[in-house]
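Undergrad: I am attaching a structure below and will ask some questions about it afterwards.
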Amino acid sequence: MNSLMRKLTANADPAPSTSSPSEFDPTESVRKGKSFDLGHGSEVFHVPRFFPAEQSWAWFDYLNKHVPWSRPTLRIFGRNLVQPRDSCYVAAEGLPAISYNGHTPRAYSWDDFPPLKDILDAVHKALPGSRFNSLVLNRYDGNNDYVSWHSDDEVLYGPTPEIASVTFGCEREFLLKKKPSKMSPASGDEPKSKRLRKSHDPDQHSFVLKHGSLLVRKGYTQRDWLHSVPKRAKPMSIRINLTFRCVLR
């Protein structure tokens, strides 16, 4: 879909096309994914093209126009800073409130944005046993929007949360790096022959999250790893990211 068609769609009222097309089968699409064992019970599963492109653009246009995006002021290291991306929070009724950096977002209902329920249903079908009940939406409005290094290791998600991330719009690089550990030996303590054999740093990973992609982090990924979406020098268009989570009651 070209930019003109997407603009026309964004200016139109919500249409039935925001529902999953009958020919799309999440259980088949997810088979194109690949698992990455990060070690010690941490795992990432990546499907570069999970949702059909046209359907993904319809959802992108709907979310870009209808979600009440905001940029809250956060308290970070004693300073008030505006969050470097737009966000919104959706959750099932009766869940505990979430908060981060002194900000407690309003929880919207799934019924407020019907297409989100279609997307959630597809993710649940692709990931048997998952039970997501909340969603953090982020909108990156260009290359200067970002999220810094952090982990989603809040107690309300439990010790081994499964978090499913869906991307619509501009592709962005998603980085993972191992949290520092006092138990890990310094590189200088390793035999020289062992250090020379390392052609890839196992403590750092990069994924390009494309339009319509699905990325799932599970096991001890939040306990042991940090992630970020960095700034980039090259101009970029809007990216909308949905991270489905399960808040413990």
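Note that Cβ sites are derived from N, Cα and C of the backbone, with glycine treated the same way.
Taken from TrEMBL, the feature substrate binding site applies to PHE77, GLY78, ARG79, ASP153. Look at TrEMBL and you will find ASN138, TYR140, HIS150, HIS227, ARG239, THR243, ARG245 tagged as 2-oxoglutarate binding site. The compositional bias 'Basic and acidic residues' feature in TrEMBL is assigned to 189-202. According to TrEMBL, the domain 'Fe2OG dioxygenase' annotation covers 131-248. For 1-32, 180-202, the entry in TrEMBL reads region 'Disordered'.
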Undergrad: Between ARG239 (2-oxoglutarate binding site) and PHE77 (substrate binding site), find the distance joining the two CA atoms and give it rounded to the nearest Å.
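TA: Taking the Cα atoms only, ARG239 (2-oxoglutarate binding site) lies 28 Å from PHE77 (substrate binding site).
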Undergrad: Using DSSP, tally how many residues of the domain 'Fe2OG dioxygenase' (131-248) sit in helix, strand and coil.
TA: 15 helix, 51 strand, 52 coil
Undergrad: Let me know the largest Cα to Cα distance in Å among the 2-oxoglutarate-binding residues ASN138, TYR140, HIS150, HIS227, ARG239, THR243, ARG245, as an integer.
TA: 20
Undergrad: Whole-number Å only: compute the distance from the Cα of TYR140 (2-oxoglutarate binding site) to the Cα of ARG79 (substrate binding site).
TA: 22
Undergrad: Find, for the listed binding-site residues ARG79, HIS150, HIS227, ARG239, ARG245, the residue with the lowest Cβ contact count at a 10 Å cut-off, counting only other Cβ atoms.
TA: ARG79
Undergrad: Say you check the Cα of ASN138 (2-oxoglutarate binding site) against those of the binding-site residues PHE77, ARG79, ASP153; which is nearest?
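TA: Closest candidate to ASN138 (2-oxoglutarate binding site), judged by Cα separation, is ASP153.
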Undergrad: Pop the Cα-Cα gap between PHE77 (substrate binding site) and HIS150 (2-oxoglutarate binding site) into the table, whole Å please.
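TA: About 14 Å separates the two Cα atoms.
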Undergrad: What is the Cβ neighbour count of TYR140 (2-oxoglutarate binding site) at a 10 Å cut-off, with all protein chains included?
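TA: Around TYR140 (2-oxoglutarate binding site), other Cβ atoms within 10 Å: 25.
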Undergrad: Based on the record's binding annotation for substrate (PHE77, GLY78, ARG79, ASP153), what whole-number value in Å is the widest Cα to Cα distance?
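TA: Per the listed residues, the maximum Cα distance equals 23 Å.
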